[in-house]
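Reviewing the structure listed below.
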Amino acid sequence: MQKENKGSIDLTRGSIPGGILAFAIPLFLGQLLQQLYNMVDAWVIGNFADNDAFAAVSSTGTVVFLIIGFFSGIATGGGVVISRYFGARDEDNVSKAVHTNFLMGLIASAIGTVAGLILAPHLLVWLGTPDSVMPHALRYLQIYFGGVSTVILYNICMSIMRALGDSIHPLYYLLFSSIVNIGLDLLFVAHPAFHWGVTGAAAATVISQGLSVILCLFRMCRIKDYTRLDFKKLHYHSHMMKKVLYQGLPAGIQNAVITVGNLVIQKNINSFGAYAMSGMGAYSKIEGFVFLPIMSMAMALPTFVSQNLGARQYHRAKKGAVFGILFGMITAEVTGLLIYFFIPYALKIFGSTQEAVAYGTIHAHIVSLFFFLLAFSHCSAGVMRGCGYAVVPMAGMLLFWCGLRIVYVTTALRFFPVFQMISWAYPLTWGCSTILFLIFLFKADWQHHLD
């Protein structure tokens, strides 16, 4: 039996802070679940496998995001197109945009699988992965990318539902995915009957994501209105695909170039040895919690801005953008202060050695006081994507978070070969992008860009 899309929120009406928060809170809870899973995953690997296995899973995160981040960025851009038509109540184009996005997801799944399997070993070698870590890291990536279609389709489905104002059902499916993932982690990695190490961790991720995709499709195919996914309507619409790629490719490239910069960072971290890799890997799990308010607001703002510009409510879009950016900055700095004072204790949760804890603490004490800059950059980028200026944040990230970050790290370490030089790359590049985006938001007439 079909049903109406009751989980959808109309962001063009009602209280602006209330609407944004009502949409963002499920995103926050979903991201929280994801981070809790990541922490449990790291805890299981850290306590039931050796240090090399933990270093392998930790260090492959950047390689994974190079592929996944690119396609999830395209999905985000496609969501902006859907939101715009949804806000304008253009039912025909909403349906075309939904089906174009899903068709693109199927194509991306095939490309992502091939690209991941081919690039993985070369990237690990280029990163200078230690010999003791290499077999574990390669095995993890081969299994992960072998089933990466489940992850890509999952992100596509999430993006479509959120673009239509539904952030509740993605939360349910993420909860299900996290529970299944944790259960399979404990079975495949910790249980003595299996004890598969990194193989079990990768298999758990692929299986749980695949089950979540099935739930997403079940939901999307049963909606009783024009937003319903109908496989018979999966046709190629050239004009719609151009719109999706126009918004999505810059976001995908943005994620990719950030990752390229982080790959260079990871390569330099690896040069300090397995303890540095483990310490930074454990820190990244904790840092993910700090980024929850930032990323949740950055994910909510494109939908809010795009829906309201589609409905030609320009003043409402601007007020929502200001609220979202300020909210993200304040909450980011509060959590940054907590990280600054409590990071040594938090790192010990992962069974980290004293040496690994030292590396993670050094990094946290440098970057945590500058999280407000990161929040401004991400949230303002969300606003720009929502109003159709996806190229601007892409250019800023390419220039600063990739180009400047690489130049700085390689130059700084040549003259001052100490670990702290790596950490300072982050606040430096966050500050540069903040200045660029602040100038753009004040100078550009972004509210009327879509007219």
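Placed from the backbone N, Cα and C atoms, the Cβ positions cover glycine too.
In TrEMBL, annotation is done automatically, which means it is predicted and not curated.
Pulled from TrEMBL:
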TRANSMEM  12-33  transmembrane segment
TRANSMEM  53-82  transmembrane segment
TRANSMEM  102-123  transmembrane segment
TRANSMEM  143-164  transmembrane segment
TRANSMEM  171-190  transmembrane segment
TRANSMEM  196-218  transmembrane segment
TRANSMEM  244-266  transmembrane segment
TRANSMEM  286-309  transmembrane segment
TRANSMEM  321-344  transmembrane segment
TRANSMEM  356-376  transmembrane segment
TRANSMEM  388-409  transmembrane segment
TRANSMEM  421-442  transmembrane segment
Counting only CB pairs under 8 A, let me know which of 12-33, 53-82, 102-123, 171-190, 244-266 has the most with the transmembrane segment (388-409). 244-266
For the transmembrane segment (53-82), name the stretch out of 102-123, 143-164, 286-309 with the most CB-CB pairs under 8 Å. 143-164
Six or more residues out from either end of the transmembrane segment (286-309), which same-chain residues have a Cβ under 8 Å from its Cβ atoms? 10-12, 19-20, 23-25, 27-28, 31-32, 34-35, 38-39, 76, 79-80, 83-84, 86-87, 162-163, 165, 167, 316-317, 320-321, 324-325, 327-328, 331-332, 335-336, 338-339, 343, 346-347, 360, 364, 368, 371, 374-375, 378-379, 381-383, 385-387, 447, 450
